[in-house]
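Visitor: Not my notes, these are from TrEMBL:
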BINDING   B:Leu9, B:Asp84, B:Gly87, B:Ser112, B:Ile113, B:Leu163, B:Val225, B:His250  S-adenosyl-L-methionine binding site
DOMAIN    B:1-239  domain 'Tetrapyrrole methylase'
There are 2 protein chains.
Amino acid sequence: MLYLIGLGLGDAKDITVKGLEVVRRCSRVYLEAYTSVLTVGKEALEEFYRRKLILADREEVEQEADNILKDADISDVAFLVVGDPFGATTHSDLVLRATKLGIPYRVIHNASIMNAVGCCGLQLYKFGETVSIVFWTDTWRPESFFDKVKKNRQNGMHTLCLLDIKVKEQSLENLIKGRKIYEPPRYMSVNQAAQQLLEIVQNQRIRGEEPAITEETLCVGLARVGADDQKIAAGTLQQMCTVDLGEPLHSLIITGGSIHPMEMEMLSLFSIPENSSESQSINGL
Amino acid sequence: MLYLIGLGLGDAKDITVKGLEVVRRCSRVYLEAYTSVLTVGKEALEEFYRRKLILADREEVEQEADNILKDADISDVAFLVVGDPFGATTHSDLVLRATKLGIPYRVIHNASIMNAVGCCGLQLYKFGETVSIVFWTDTWRPESFFDKVKKNRQNGMHTLCLLDIKVKEQSLENLIKGRKIYEPPRYMSVNQAAQQLLEIVQNQRIRGEEPAITEETLCVGLARVGADDQKIAAGTLQQMCTVDLGEPLHSLIITGGSIHPMEMEMLSLFSIPENSSESQSINGL
């Protein structure tokens, strides 16, 4: 059996009891290592699970799926995913390969950023299409995702923006020379995302278009959702450019315009104090 | 401290390790009992958690929140929610009350139907606004939610339909006479939801409108997501009227029209066999 097990969002203890039991009895346990990170490292997981974990980066999952699935028809193999196995990134490819090989599979679900963002008080059912914001380079500055934000806002829907994660990235030089030397991982902050959004807004104004959002649009920045030191900050897009949310991972929500009074009351718990770039941590802790 | 703890979707072991530790050391543990159900009852939870649970139905949470929050400033109180505390139903009201009383709170997240539906292979980021389908009565047959389905489909988005749950419902007679006698709980099936949807489609045709969906629209029925005997069936809306998904809880997805090849390949794992009203269970188990 192939088990796809969600680890949740915080630390080693965010796995479910069911998930932990399966991890402890599987013959091999892989840790998906390319789409997300927990606030703790592989070693902390290994210690708590009392199991050796095999790191599986994107290349391995795509190119060596057969290794992962080896003997999974006669033994149990676990594939661990931060968040939920069918959350922000789906692992349909692995499931489909397993199915073709006649290997049964099971999913052990957990929280993912796709549902845990509800903790800020905005209602999940009022979220429209989720977008991804990628790091701009000098030559590649995509704006196309902005149409989706616009459509969501026109329909009164909030937009969850997943922010870019670059792990196992090669410099152009190393890539050309075929050297498997990787840059340090990079995680987009709410500040960077907000700055890119404001640049798009300004570009649209220059082109004479009316932007769907402005400097004053109400946004919510979230950091390390589900972890002990989680931070949430509600404020304008302009404020999101400077608010200090600390370490990764960050996510950004662009609100949908019409906000229910209960949503607003919840957001007020997290509002950025006047004349401050500091966010309040959840619970005021 | 007030802890809002998600229980996930299946059985007692779907709680996270972190959640279980908190449950075992809190001075009082409430179980929210009005928006959802696990496949196991209160007793099974009590046995596994080794804690007595206090059932809190909607009336109690709304009218006696102060009891729930009593002494939570000097001791730890847990409020358990099937799924995630900020999933399909938010518990913002309890959080806001706690905050006003100066009681700190923490959320321990888990899977909810809002993200676990990804297990059918449809990509979560492509879901639009979530709708609720309620039991029709002879005199109350709301169709307004259908506009949201239409808008989602116009934008190529899938629609998750949460199906009605009636617990602690009083008959009109008992309500009038003030007798606290409750009807047996009712849970809308995918069949019932599909039949109501088809009736709306037919009403729209009678009125000369072009319905956003037809008998042939691709849908996905899901039952007991996250449980061992989970079932998923992909087929037309017409097929959803007769497919047998077994016991509650059920959910229905109306696909968004444009479906990615990978989504389609995943759905094909769950397609309803020709000449059959039987769905395939996940994994073919």
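Every residue gets a Cβ built from N, Cα and C, even glycine.
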Visitor: Chain A sits near which of the binding-site residues B:Gly87, B:Leu163, B:His250, counting only a Cβ gap under 8 Å?
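Guide: Out of B:Gly87, B:Leu163, B:His250, B:Gly87 lie under 8 Å of chain A.
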Visitor: Over all shown protein chains, what is the count of other CB atoms within 10 A of the CB belonging to B:Gly87 (S-adenosyl-L-methionine binding site)?
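Guide: The answer is 28.
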Visitor: If the S-adenosyl-L-methionine binders are B:Leu9, B:Asp84, B:Gly87, B:Ser112, B:Ile113, B:Leu163, B:Val225, B:His250 per the record, what's the largest distance between their Cα atoms, in Å?
Guide: 17
Visitor: In which DSSP state, out of helix, strand and coil, do we find B:His250 (S-adenosyl-L-methionine binding site)?
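Guide: Where B:His250 (S-adenosyl-L-methionine binding site) sits, the three-state DSSP reduction gives strand.
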Visitor: Just counting, how many other CB atoms are there within 10 A of the CB of B:Val225 (S-adenosyl-L-methionine binding site)?
Guide: 25
Visitor: Taking the Cβ of B:Ser112 (S-adenosyl-L-methionine binding site) as the centre, how many other Cβ atoms fall within a 10 Å radius?
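Guide: For B:Ser112 (S-adenosyl-L-methionine binding site), the count of other Cβ atoms within 10 Å is 33.
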Visitor: State the three-class DSSP label for B:Ile113 (S-adenosyl-L-methionine binding site), counting H, G and I as helix, E and B as strand, and everything else as coil.
Guide: helix
Visitor: For the domain 'Tetrapyrrole methylase' (B:1-239), what's the model's average pLDDT?
Guide: 93
Visitor: Where does B:Leu163 (S-adenosyl-L-methionine binding site) sit in DSSP terms: helix, strand, or coil?
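Guide: Looking at the DSSP assignment, B:Leu163 (S-adenosyl-L-methionine binding site) belongs to a strand.
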